[in-house]
Amino acid sequence: MSDAPGRSHGRKSIRATLQPRDLLSETPELVSAWQARVVTLFPGAFPGILGESLTGKALQDGLWQLSPIDLRPFGEGRHRNVDDTPAGGGAGMVLRADVVSNALDLAMAGTPEDRSDWPLVYLSPRGRRFDQAMARRWSRAQGVTLLCGRFEGVDQRVLDAWQVEEVSLGDFVLTGGEIAAQAMLDAAVRLLPGVLGNAASTEEESHSNGLLEHPQYTRPADWAGRAIPEVLLSGNHAKIEAWRRAQSEALTQARRPDLWARHVADRDGD
Ligand code: SAH
């Protein structure tokens, strides 16, 4: 898509004002686009950084589609309450199972039966840690639904009933799932065909082959008395490749003994 009117009025405005009925009547041309549906109390936080640079261009071009689903309208009563105090006492508030489940009805509408074709994920510090392999799996699915928690989290029953997979951004606690959702979507979207200009760059970067990436340099060749390693200016591609490989292995060994051990096991197992 390169026509200007489509960019400024078509897809974007649909997303920004997404209501339940819009979700169920996606325009046919977008059906094949990779879908991200995000249940959140803060739909205004999306697309956020995902609207910039390569992920933003891909969004405008229809390579993927983002549907923030506001949890608030599913709330109870005049004030649309979405949370209540924790059973058993204690600090904070918990998102209600009935409210979240009604939002998931919409967020999972029309998705394939098999969750490997459309993961349903709760962003949670208790979850399995997100990694490049998971990003790749998501990017090969038709889409994902992400549930962003707030406060103390979500009533366990809705997670059980929907068999939601819990995924963590890392071993720390955020105030909500939105930043984690954006980080994970970024990692998945950049793997979609056509999103990065140079597809080869996802094959050689950190974590794709189980190793950390070699150092990168650019002009000027001399900066503040520091020169670019000579081999990189040699034009000898075999030598450059060997140097990069050696750097990549040395870095991984020094910084990430866990990755290195796995790499060695895989290599020697071959
Ligand atoms: N009481 C919970 C933490 C709640 S933090 C606990 O101790 O496990 C509030 C929300 O932020 C969570 O519901 C979750 O959606 C999100 N969140 C916090 N840390 C996260 C992390 N490391 N990865 C992904 N989501 C996280």
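Glycine is no exception: its Cβ is also placed from the backbone N, Cα and C atoms.
Heads up, TrEMBL stuff is auto-annotated, nobody curated it.
According to TrEMBL, the protein has these features:
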DOMAIN    37-261  domain 'tRNA methyltransferase TRMD/TRM10-type'
BINDING   GLY149, LEU169, GLY170, ASP171, PHE172, VAL173, LEU174  S-adenosyl-L-methionine binding site
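Checking the binding-site residues GLY149, LEU169, ASP171, VAL173, LEU174 against ligand 1, the ones with a C-beta less than 6 Å from an atom of that molecule are GLY149, LEU169, VAL173, LEU174. All protein chains considered, the CB of VAL173 (S-adenosyl-L-methionine binding site) has 8 other CB atoms within 10 Å. Here the domain 'tRNA methyltransferase TRMD/TRM10-type' (37-261) has a mean pLDDT of 97 out of 100.
For the recorded site, ASP171 (S-adenosyl-L-methionine binding site), the DSSP three-state label reads coil. Note on LEU169 (S-adenosyl-L-methionine binding site): other Cβ atoms within 10 Å of its Cβ, all shown chains, come to 19. GLY149 (S-adenosyl-L-methionine binding site) falls outside any helix or strand according to DSSP and counts as coil. For the S-adenosyl-L-methionine site, whose binding residues are given in the record as GLY149, LEU169, GLY170, ASP171, PHE172, VAL173, LEU174, the maximum C-alpha distance rounds to 16 Å.
Neighbour counts were taken at the CB atom with a 10 A radius for the binding-site residues GLY149, GLY170; the maximum falls on GLY149.
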